[in-house]
Structure formats: C-alpha cells, structure tokens
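Take a look at the structure below.
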Amino acid sequence: MNQNKSYFFQSWLIVVIAIASFIGFKTFLPRKLFPDTTANSKNVVVDSLMLEAVAEGGNLSDEDTLTNKTISFVSNPLGIKFSSEKFEQYKGYQYLIPFFEKLYQLETSKKGKARIAYFGDSMTDGDMIVQDVRTQFQSVFGGEGVGFVNITSESAGSRGSILHEFSSNWKAQSYLKTKSPLRSFGVNGSVFFAKDTVNATWVKYKAGRNRFATTLNNPTLFYGSSKNRKASLRQIFGKDTVYKKLNPISMLNTTQVADNVKNVKVNFINADSIPFYGFNFDNGKGIHVDNFSSRGNSGLPLGSLNVDLMNAFQQKLGYDLIILQFGTNVLNYGSLNYSWYERKMTSVVKHIKECFPGAAILIITTADKSTKYDMEMKSDSAVSPLVLAQKRYAVKAEAGLVNLYTLMGGDGSMVKWVENVPARANKDYTHFNHRGAKEIAQLIYKQIDTGYQEYKKLRALAKKKAKPKAVVNDSVPVVNDTVNE
Amino acid sequence: MLQEWFYKNIGKVTPEVVEKWFVYNEKEPLLFNTGLFLGLFLVFYFWYILLRKANTLRMIYVIIFSLFFYYKSSGIYFLLLLGSAVVDYNLGNLVHRTSSVLNKKLCLTFSIILNLGFLGYFKYSNFLIDTWNQISQGNLKGFDVILPVGISFYTFQSISYIIEVYRKEIEPTKRFVDYLFFVSFFPQLVAGPIVRAKDFLPQIYQKLNVTQDDINRAFLLIIGGLIKKTVISDYISLNFVDRVFDLPNSYTPFENLMASYGYTIQIYCDFSGYSDMAIGVALLLGFKLPTNFRSPYKSTSITDFWRRWHISLSTWLKDFLYISVGGNRYGTFAGFLFPGLFFVGLIIWGISFSATSTIPLLIAVASTVIFAFTFLFSKEKEKTMYTNVNLMTTMLLGGLWHGASLRFIIWGALHGMALAVHKIFLEYYPPAKRKIFFITPFLKFFAIVVTFHFVAFCWIFFRAKDFTTALQIIQNIGKVTFDFNQWLTITQGYQNVFVLMFLGYFWHYIPEKVTVAIQNVFKAMPLITRAIVLGLVFWLVFATASAGPQPFIYFQF
C-alpha cells in the first residue's frame, strides 16, 4: 500500500528532477544539436564567383541615398512616361517600354515576334515558374515552343515541358564552376563538347504535354566556330538515316534538324572541338521564353558572358526582355550586408545590356525563405536586406522590378506557403512546388501585364498629343514640361 | 531574481501566453513531445496521484483532462467524442439487455453504421466525391470538413466495445463515466494504440497500482519514444525524405534510394515512437496498454510483419473485419465485394491505358492471375480462396483506414497479395522442410532482407503524394549504379541525416539481449540518475527541434 504510494511519488519526482536538469542542460549545453552548416565539396553546386565575392568581403556600405526617394523617369522618344514612384513601391515600368512596345505590335498587328530570356537559379529549375509564365504569354500573344534548351542539364529529369535525354559522354562547362572555359559560354551560360570517338554522343528531345509545346517546333542546333569540317549530325527517320553536315564557320551557327516533330534524336559524328550550346524550339511567331536556370546561381556569373558571342545570339534570337531572378543562393552566408552584391549585380546588369542591346531588363527579387528562430520558423533575417539590395541595383541599373517577396505575402509568407493545404512550397522553406510555382508565375505575369496595360493607355495618350502639335492645350500637360531634369 | 530566472528559462508569462496554453490551435496540437504537454502533465500528474484513491473523482478528473487534451488538437470536435460516447454507451447497454437476437443485431448494426458514418463523413466523403467527379466528369462540390484528430482510432475503439458486448466477451461498463473514461483516455486517444475494451475495462475496476518495474518501463518507453519520434523521425523527414518525395526527379538515383530507406525507418520511428510514449504515459498513470510494435523490420515474412507492425490495428482488423467477413471458414458477399471491385477496377485501368502503353494492362492481368493462383494451386482450393479473398478485403480496407486516397488502397492491396502469396509458399515449403542446420541462419537472413525490401517498396506508395510520384521514385531507384565516390559525397552532404538513419536501423536490429541489458543498467540507476538521464533526453529533443532545416543541397556528378 505504502509502497504503491511511494512509487507514484517517485515517478513524479523523476519528472520534476528531469525538468529541472533539463533547464540546467539547456543553459550550458549547445542550443542546437546540428549546427547549420553550409555543405561545401566539389560536387555540391555552388557559385564559385559568389564564394569569392563573399570571401572578399566588401562591407563598404554605400551611402543610403535611395530610401524614401521618389524615382522619376525620363520620357521616351515617343513621349511616354510612367508616373514617378516611391522607392518603396518601385516597379520601373518605364524601363520595360521596349518590351511593351513589342507586345503592342504583336497584339495589334499579329505580326513579328518577341523573346524573353529568363535567367534563374534552382527556383526555376525544371522549368518551374518559367513554363507557366511562357504559357501565360503565349496564350495572349501567340507563339509555340519551349524556346532554347541546353544540350545537357542536371535537371533534365525534373523538366516536364520537354522530355530531355542525352548520352553521358558530353563534356559540359558552366559559368557557375568554370572560370576559363575552353570556348565562350553560350547564352545559357554553358558550353558542351562531344569528345568521345568510341561511343555515340547524342541528345534526345520529346515534346511534353504543356499547352503550346506539344510539338517540337523547328528544332535548331546552335553551335560556335571550329576548324573541324568533318562534323555531321545523324538522324534516323523510320528506315532512313539522314546526315547533315555541320558548318562551324561563324562565331555562331545554326542547323535546323527537323520541322515540326514529336521527338527528335540527334547523333553527333566527328564533332570534336566544336562548341555546342543547345537547341531552339520555336515556331517563328508570337512570343518565346527561354529558361536559363542553373542551380546555385547567384547572378554574378552572368558577368562572364562574352559580349561578342552574346551579340551574335541577340542577332539570331532577338531578345526583348531579360529577366533575372536570383537571390536564394546569396541568403545563406551569414552577413546581412549586401552592398557587395548590389555593387556586383549593378555591373552585371550593365554587362547584360551590352550583351543584348535594346533589350529591357527585369529584376525579380528573392522569394521569402524561412529559418528556425527559437523553435519557430520565421522569415530569414537576410531576406529583407537582400530584397532591398536588389531593389537598389534595379533602380541604379535602370531595370524593372518585381518584388516577389512582397508579392507572395512579405514577412512570414513562406511559412504560410509551406503549411498551406495543399502545400505550395517545399519543406526546405525555400523552393516552390508545382502548385506554388504556378501561382508565382501568375503573380509575375500579372505585374508585367499591369505595366503593359498602363503602357497602352499612355501610348494612346502620347499619340493623341503628338498629332496636334501646334495646339497648346492647358488641360493636358505638355510632354516636355514633365521631363525630369 | 526568481522572476528573472523564470523569464530566462521558461519564457515570459503574459495573459496572452497563458491563453495560448489553453486554447485550441489547429497548428499546435498537444503532442507528447511538446514542452507544453510536459508542463501540463507535471501539474496534472501531481493531483492525479493525490486523487488515486478517490476512484470516481479521479476518473472524472482524467476525463476532463482528456477532453481538454482533445480540444487542444481538434477544437469543438471534442463534443463529437462526447456525443458519440453517449450514444455508444446506451447502445452497448441495449445490446446487452435485450434478449431478442434481432434487436441485438439491430442495435449493433446501428451503432456500427453510426460510428463508421461519422468516420466516413469526415475522412472519406471528399475522396468519394472526387472519385465520382473523375469517373463521371461531374462537378459535385466537396464538403468543407476538417478531419478531427484521432477519429480513426477512437471510432475503432468504440466499435470494439460494442462488438465485444454483442459477442458476450465483456460486460458493458457499469456507469457512463467508466465508458467515457475508456474512450477518451488521453494517452492513446489521438494516435493509438487501439485499446480493446476487454483489455482495458477490467483495469478500471482494479485498484490503481504501479510497481517499481512499471515506472522504469514507463520512463524507458518515453525516452525511447521521444528519441525515435523527435530526434530521428522528425529530423530526417524534414531535412531529407520530404524533399526527395516532393520532387524525386531533382535528385540523383542514390538519393531516391536513400529517401526510400529513410522513409521506411522514419515511419516506424514516428509511429512506434508515439505509441511508446502513449504506452509509457498510460503506465505512469497505472494503466497497461498492449504493445504496438515489436521490431517489425526483423520479420522473416510478410505474415510475420503483420504480427509485429501496429499490432493493435492488425488484431483489431483480424477480430472484427476478417472474422466478420468469414475468416478462413466461409465466403460472404462483403468479403468478395472489395477484392472484386479492386481487381475489376485494376483491369479497367489497364485497358484505359492500353492505347499508350501495355504495361498497366500487363500489371493488372498479372496481379489478378497471381492472386487467383494463390488459391487455385492450393490443396484446399475453396477454403484457401475464402481465406485469401477475406484477407484481401481486410488489407484493402485496412489500407483505406490509413487515409482517403488511392495510394493507401494500393499499399493495402500489395500487402494483401503478398500475404496470399506467402500462404501458398508456406503450403509448398513448410518451415519443417527448410530446416537444414547450417543454411538456416542464411535463409533467415535472406528472408529478413527480402521482407524488409518488400515492405520498403510498399511504403513508397504510402508516402508519395500521388501515383506518378511513386512511379518516378521507383524508376529513379532502378537507375542506381554503384559509384562509390558519388555515394560518399552524398553521404557527406547529408551527414546528420544519414547518421540518424543509421542509428535508427542499428537500434532496430541490435539483438534484444543487448537492449534488455541496456535497460537493466537504467533500472539499476539511483532515482536521481534516472531523472537526469530523462532530463538529458529532453535536452536532446529540444536541441534537435531547434535546429533549423538544413540548407538545400544540389549535387552534380
């Protein structure tokens, strides 16, 4: 009887002492069993340029001259000017005018074509987000095809918009890891070589099931110059084997391998020393969006694109808009000072403008990302300083801006996206899943479209004014007066 | 001074914080591995001990705590628990009292329909509507319901009570309070084990009693459960398994394989860990709940597996579903209905894909034929057919019990098929035939490996969010090639995860003798040392839980 009582109290006492000792342990044992380490080995994809930039440090913080400032724009030659914006809400539609004008021509005359290069990191891997942006654009402005696709890709398996396979004997160099490539990187930031003389070197594409991408439209190979004159492509159509000679004479060459097909397999024969870049799939009209995602990319490697080669790409493909969606990979490095990133990216954007003359630039900021603080998942403290830095270089480099962080809900939003039923983001609290990616694409498209609709109004207004030049009308502000000095 | 200490170690106590302790929050159920439960339990337990001799008062006290516990995780639905208890208690009495067999049957049927009706409404209505919409291209709107936590568990407990009363295996409880105590008993309320009325009710009427050994066992179970659930399962799922299952194609084949092994140990640690904690907490209160897991991955066959995995569920299903549809003696309409539907559905599915690929049809026909062979080749065809069909029914519905989705049905079907196949195998190769003295250990080892891999394979369907994802993972695993350097790099990248996985498996496979020896060391410790060990485990749980998710790693080879 007594025994029984004592056992109950013993057990209670154990709980009490355990709690007391736990509080003790908590104070002098480490708070975290597994420290948050950043894995680093030669096989982990990280951006070497960024690591260097981080190592260099760079706490030279610029004077904060932008916050609270109003940004006004200079009207374009047509006299179109978007109204001034507070830095806080900066969108920079003014800088997207060349692209908007292209859209306008497409929409009204149903002629011509427009093209977007969408650079990104693992967020857009497997054509996530980009495929939905592409479908949105193509459903309004026409166009078919998935655009430019690499020769090989580490994320080919996760891509559904085109099924992509390749032999394992390609030599690939990417601007993420290679400082001095054998030949300049292509527009996709990669260059590929077929070196194997024993085994077949091949690449295979099959159309996926996405809207406007159910066939492979005019698959065309892009490759650089070489002294090799023996190279050819071998394809098998039914019982026929077809050879196509490659002609690597110019800086950038193209060879179309088929018309509209469901799938295509190309063998590369005697193709050593030729730099290959990838295949383009488009139907030659409407709008096309190329996805240039590379896992681990911080955006800095874009600075190493070769201007001459890019100009050649620009001639052939004609980009009207360059989208840069980066940030995730610069969040994990401890420092909250992103002035180094701001500075480097400002010059990257300038470089991009040289590479693709005439194209508008759109910066998409990092999305929200969560980290555990005191047992609770919250927005990482680095997110908002990074967004600020991205906004600043967008303004400085005269680029448009989509603030993805605020668009998706701002502070604490990633936690909501992950916990949403059904989930919209993955448990790493960084990447969106397919459902979330679709929504993100809609948000991005909606903002671009808002700018475009506004542009159309401004354009109509400017046209009206441009005609009766002599008449001075007090009620309409004269274009010249509003030019910012 | 004291205030400062309190603030530093426990946190600031404001009225809002206190309110949060007691108000329902969908996102923060009162789990055993939370600090809040620990704090509440400390206070609850103290009064429980003081009240241990005042039987009725103590029971009411526990009921109130249990209802609060349930309210914390399911909000207003604690009323559902209360309401269904009132009905079931009265129906149980009716079944017992009425002498007419017809009335007994009516009451029983009514009670089962009512219980399954609630379960069906909350758990399966939207699944059925979705399925209907898909088949008929219809556009019926789903119900806006949330699933009350643990409804699958307490529904089964209520059903076990009324059937046992009907089968005269037990007497109904003397008072409503007794019944409510049984149904709402918080340790096993939300995640099992499913306690059988005949095991539990007698304990209510006994004098409350714990021995030194009970207390030790209770703390060992709680310690083991905490480590399995919080340290191993939660960590590897958040930092590895979930990611791969979210987007399998973004990972290398080796990572896919490891995620599949990872999930196999994760689900065991999660489920058995929580069960162990429940059993431990109940034991601290002086109640003995049945063992729920006995090292299931040590099974030498799939039949053996089901005697070791979630035992309270498998015995429940055996006693109340398998036996009810005929067991190994006869066939019933209900027994044939579900396997019939399943195989017909399978073949229709195969045919509908035959235009694009013949593989689905091949799979469908092959599985139907294999299932038929399991009784056609038997010496007692008819009896074996009943047995296998009834087994299949049990596994199909057992699969569905885990969640309203096709993938659980497939998981159940795979297990049902395997059980049937194992039966026919046993008929041709009974264990006696296989006893060759020096090969036996190797055979046993081989059998364990095969069984483990079959179970792990089935878990892929259980875990993947849809059929396509499951197939992607299987396809990726098919591409695994041995590449030591690649494996090493990946292992280094996921160092913590892989260490924990290894620990989980190691713990699972060490001989029982070793476990018992370690437990004896704990039991021999003085009270204060045992308490400090427990405190250390609390810290371990805390330190694992406060580690943020590991940053994302992409490998390139």
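Glycine residues also receive a Cβ, built from the backbone N, Cα and C atoms like all the rest.
TrEMBL does not curate its annotations; it predicts them automatically.
Listed in TrEMBL:
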| type | residues | note |
| --- | --- | --- |
| TRANSMEM | B:30-48 | transmembrane segment |
| TRANSMEM | B:107-125 | transmembrane segment |
| TRANSMEM | B:330-352 | transmembrane segment |
| TRANSMEM | B:358-378 | transmembrane segment |
| TRANSMEM | B:385-402 | transmembrane segment |
| TRANSMEM | B:408-426 | transmembrane segment |
| TRANSMEM | B:438-462 | transmembrane segment |
| TRANSMEM | B:493-510 | transmembrane segment |
| TRANSMEM | B:531-555 | transmembrane segment |
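With a threshold of 8 Å between CB atoms, the same-chain residues lying at least 6 positions outside the transmembrane segment (B:385-402) that come near it are 124, 152, 313-314, 317-318, 321-322, 325-332, 334-339, 342, 371, 374-375, 378, 408-413, 415-417, 419-420, 423, 462. Beyond the transmembrane segment (B:107-125), the same-chain residues lying 6 or more positions past its ends with a Cβ under 8 Å from any Cβ of the stretch are 80, 84, 87-88, 91-92, 94-95, 98, 142-143, 145-148, 151-152, 155, 158-159, 162-163, 166, 400, 403-404. Highlighted: of the candidate stretches B:30-48, B:408-426, B:438-462, B:493-510, B:408-426 has the greatest count of Cβ pairs under 8 Å to the transmembrane segment (B:358-378). As a quick check, the transmembrane segment (B:408-426) and the transmembrane segment (B:30-48) miss the bar of 3 or more Cβ pairs under 8 A, pairs 6 or more apart, so the two do not touch. Within the chain, the transmembrane segment (B:30-48) has long-range Cβ neighbours (under 8 A, six or more residues past its boundaries) at 21, 58, 61-62, 65, 69, 72-73, 222, 225-226, 229-230, 274, 277-278, 281, 284-285, 538, 541-542.
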